[in-house]
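Copied over from Swiss-Prot:
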TRANSIT   1-67  transit peptide
BINDING   K95, G96, G97, V98, G99, K100, T101, S102, N348  ATP binding site
ACT_SITE  D124  active site
Amino acid sequence: MATLSSYLLSSPPLCKSRFSATSLVSGIDFISFSPRTTLSSSSTVLPAILSLSVKHNRRRNSLQVKSVASPTETISEFDEMVSGTKRKYYMLGGKGGVGKTSCAASLAVRFANNGHPTLVVSTDPAHSLSDSFAQDLTGGMLVPVEGPEAPLFALEINPEKAREEFRSASQMNGGTGVKDFMDGMGLGMLVEQLGELKLGELLDTPPPGLDEAIAISKVIQFLESPEYNMFTRIVFDTAPTGHTLRLLSLPDFLDASIGKILKLRQKITSATSAIKSVFGKEEKGPDAADKLEKLRERMVKVRELFRDTESTEFVIVTIPTVMAVSESSRLSASLKKESVPVKRLIVNQLLPPSSSDCKFCSIKRKDQMRALDMIREDSELSALTLMEAPLVDMEIRGVPALRFLGDIIWK
């Protein structure tokens with residue numbers, strides 16, 4: 001059986017990218033999408049006006065793909081994912097520590113090597129994407145990745161930036177929170193009296209999952225601009241399971257939140273009018289309710305993207321343990337409830353069969369086989385296409401290692 005170490009030793013030196021660029025700057029606020037060009041002397045950036053067509057120069061094969069739903073069947077699994085030039089989004093998610101980032105990065109490399117200009121984005125606070133590519137991807141900037149045959153860019157988003165945006169959406173004219181929100185209406189003295197509405201908690205504390213949702217919505221805004229329509233494959237390395245599920249419920253949460261503010265408005269409308277008439281005080285700029293409504297609209301757009309069966313697919317990543325499989329089953333059920341399309345399940349870190357007398361290896365593999373049996377018998381997971389990824393002898397870092405992993409998973 002081939003190992004990563006032998007693959008890397010036999011691989012030719014990493015070739016330089018087949019593209020160059022001079023200007024890639026986005027006007028999106030909160031995240032500066034200007035490219036980083038100081039990584040190395042050979043790193044270059046893609047021009048905004050460059051138009052690329054996808055070239056499918058690979059040899060088409062009819063591949064054997066394992067499915068837990070039925071015996072081995074003949075289909076072209078990766079050909080389905082790589083075909084066409086219409087933009088597609090792939091969200092990879094699952095329990096923390098199962099290898100989501102490595103799988104996402106390997107898919108991005110695979111797409112690029114098959115001619116697709118690709119962007120891989122991490123919204124995971126752990127910032128593991130930098131480790132996977134062995135490049136510094138932090139700072140909210142698009143970074144070109146060298147090696148693939150088509151342009152590949154990577155981006156890590158700082159969730160704290162998203163939290164700051166939520167706080168700014170709930171503040172009046174540069175204020176610091178709910179007190180300024182009320183002061184801006186001339187009603188600061190009513191804050192304590194209206195404490196049962198918990199408005200301060202609402203406006204000053206971002207709800208769980210909002211940071212990732214805002215980050216994804218910003219990337220969508222960025223990709224909708226004409227100068228970036230070259231990307232035909234977008235791969236998201238999402239945060240652990242809980243964040244993803246909370247993200248999908250955010251529009252409903254914000255509906256309730258805005259409802260609280262509107263309820264507050266109704267209670268104090270007459271008092272506001274009286275104070276304005278006496279002191280001549282005028283509202284300046286949009287209020288918190290208006291800002292949060294715009295934010296809610298963006299969250300709805302993110303949820304709609306997750307549910308778009310034509311352009312989006314969520315890929316669950318797990319490992320062969322009882323706990324991980326159980327969480328993956330719950331994730332699959334929750335995604336189905338939210339109408340998110342899920343077709344594939346990656347089981348990562350599988351031990352290969354061994355002819356040695358390693359007792360630990362034998363016991364561990366039997367334990368993993370029991371976990372695979374759980375998947376085959378699970379009502380949620382058994383319908384998904386099973387994709388197996390082995391436990392390799394070296395850490396997956398850098399494009400050559402990601403190419404090795406991608407050739408195994410994404411057949």
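Quick reminder: no glycine exception, Cβ is built from N, Cα and C everywhere.
Cβ atoms within 8 Å of the centroid of the Cβ atoms of K95, G96, G97, V98, G99, K100, T101, S102, N348 (the ATP site) belong to the same-chain residues G94, C103, V317, I319, site residues excluded. Neighbour counts were taken at the CB atom with a 10 A radius for the binding-site residues G97, G99; the maximum falls on G99. Note: the Cα of G97 (ATP binding site) and the Cα of the residue listed as 'active site' are spaced 12 Å from each other.
Rounded to a whole number, the distance between the Cα atoms of the residue listed as 'active site' and T101 (ATP binding site) is 9 Å. Among the residues K95, G96, G97, V98, G99, K100, T101, S102, N348 said to bind ATP, no two Cα atoms are farther apart than 14 Å. In this view, T101 (ATP binding site) is surrounded by 24 other Cβ atoms within 10 Å of its Cβ, with every protein chain counted.
DSSP assigns T101 (ATP binding site) to a helix in the three-state reduction. A separation of roughly 12 Å, to the nearest angstrom, links the Cα atoms of K95 (ATP binding site) and the residue listed as 'active site'. Other C-beta atoms found within 10 angstroms of the C-beta of the residue listed as 'active site' number 23, with every protein chain shown included. Non-local neighbourhood of N348 (ATP binding site): V98, G99, S102, C103, V317, T318, I319, A389, each in the same chain, at least six residues away, with C-beta under 8 Å from its C-beta.
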